[in-house]
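> When I checked Swiss-Prot for this same protein, it listed these features:
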- Gly10, Ala11, Gly12, Lys13, Gly14, Thr15, Arg127, Thr136, Tyr137, Gln199: ATP binding site (BINDING)
- Thr31, Arg36, Asp57, Leu58, Val59, Gly85, Phe86, Pro87, Arg88, Gln92, Arg160, Arg171: AMP binding site (BINDING)
- Cys130, Cys133, Cys150, Cys153: Zn(2+) binding site (BINDING)
- 30-59: region 'NMP' (REGION)
- 126-163: region 'LID' (REGION)
Amino acid sequence: MNLVLMGLPGAGKGTQAEKIVETYGIPHISTGDMFRAAMKEGTPLGLQAKEYIDRGDLVPDEVTIGIVRERLSKDDCQNGFLLDGFPRTVAQAEALEAMLAEIGRKLDYVIHIDVRQDVLMERLTGRRICRNCGATYHLVFHPPAQPGVCDKCGGELYQRPDDNEATVANRLEVNTKQMKPLLDFYEQKGYLRHINGEQEMEKVFSDIRELLGGLTR
């Protein structure tokens, strides 16, 4: 099964990726992991990517696509893969289509974990961290026994600057704009499937499992 997983920050993509990989035994391929592995192995493309990353620049499409091609040709991808964080643009999506066609494969599904903006805001702005021991809480999902105080060490809880409303709203807006053309592209191709990410974590995975059931029979 050849899958792409998509979702905005806070949609629970990481959790569902873990469950898919564990259940179906396919590798979870994230852009960050791919870059790190290619740089560690010292491949020509990995070294090129390192130059851009060290300068704080975006890695150009041709380098990213080359690294994805190298990764998908490895033995552990023969029975499928779960791509996460790639593609990010329609140009990358088209390159992925061409790359898979070269090796006689195609995507099965692009799974979009769909969560409304207001729910994402609540999830992302509710995080609180202990200044003393680093324990993490959430005002709604995992609140401390006493507001503002760490259960473990009694330290003060604070909100990280990048978890405040303005920063989170901006992050979601940027990601939404970037993702929309990609969702439209995969909708037209017939690969896109929306999963309601506002349900309990287990129900979200149950819906994904139901979708993927036809591929494993």
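One-based numbering along the chain as shown.
Each residue, glycine too, has its Cβ placed from N, Cα and C.
Neighbours and distances for these, please.
Under DSSP, Gly14 (ATP binding site) is assigned to a helix (H, G or I) in the three-state scheme. The C-beta environment of Gly14 (ATP binding site), restricted to residues of the same chain at least 6 apart in sequence and closer than 8 Å, is empty.
Residues near Phe86 (AMP binding site) in space but far in sequence (CB under 8 A, at least 6 apart, same chain), listed by position: Val4, Ile29, Ser30, Thr31, Met34, Thr64, Val68, Gln92, Leu96.
Other Cβ atoms within 10 Å of the Cβ of Cys130 (Zn(2+) binding site) number 20 in total over all chains. DSSP assigns Cys130 (Zn(2+) binding site) to a strand segment in the three-state reduction.
Under 8 Å from some Cβ of the region 'NMP' (30-59) lie the Cβ atoms of residues 17, 66-68, 70-71, 84-86, 88, all in the same chain and six or more residues away from its ends.
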> For Cys133 (Zn(2+) binding site) and Arg160 (AMP binding site), what Cα-Cα distance in Å is obtained after rounding to a whole number?
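Distance (Cα to Cα, whole Å): 14 Å.
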> Radius 10 Å, atoms counted are CB only; among the binding-site residues Gly10, Gly12, which position scores highest?
Gly10
> Could you measure between Cys153 (Zn(2+) binding site) and Gly12 (ATP binding site) for me? Cα positions, answer in whole angstrom.
28
> Can you name every residue in this chain, apart from Cys130, Cys133, Cys150, Cys153, with its Cβ inside 8 Å of the center of the Cβ atoms of the recorded Zn(2+) site?
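Surrounding the site, in chain order, are Arg131, Asn132, Gly134, Ala135, Asp151, Lys152, Gly154, Gly155, Leu157.
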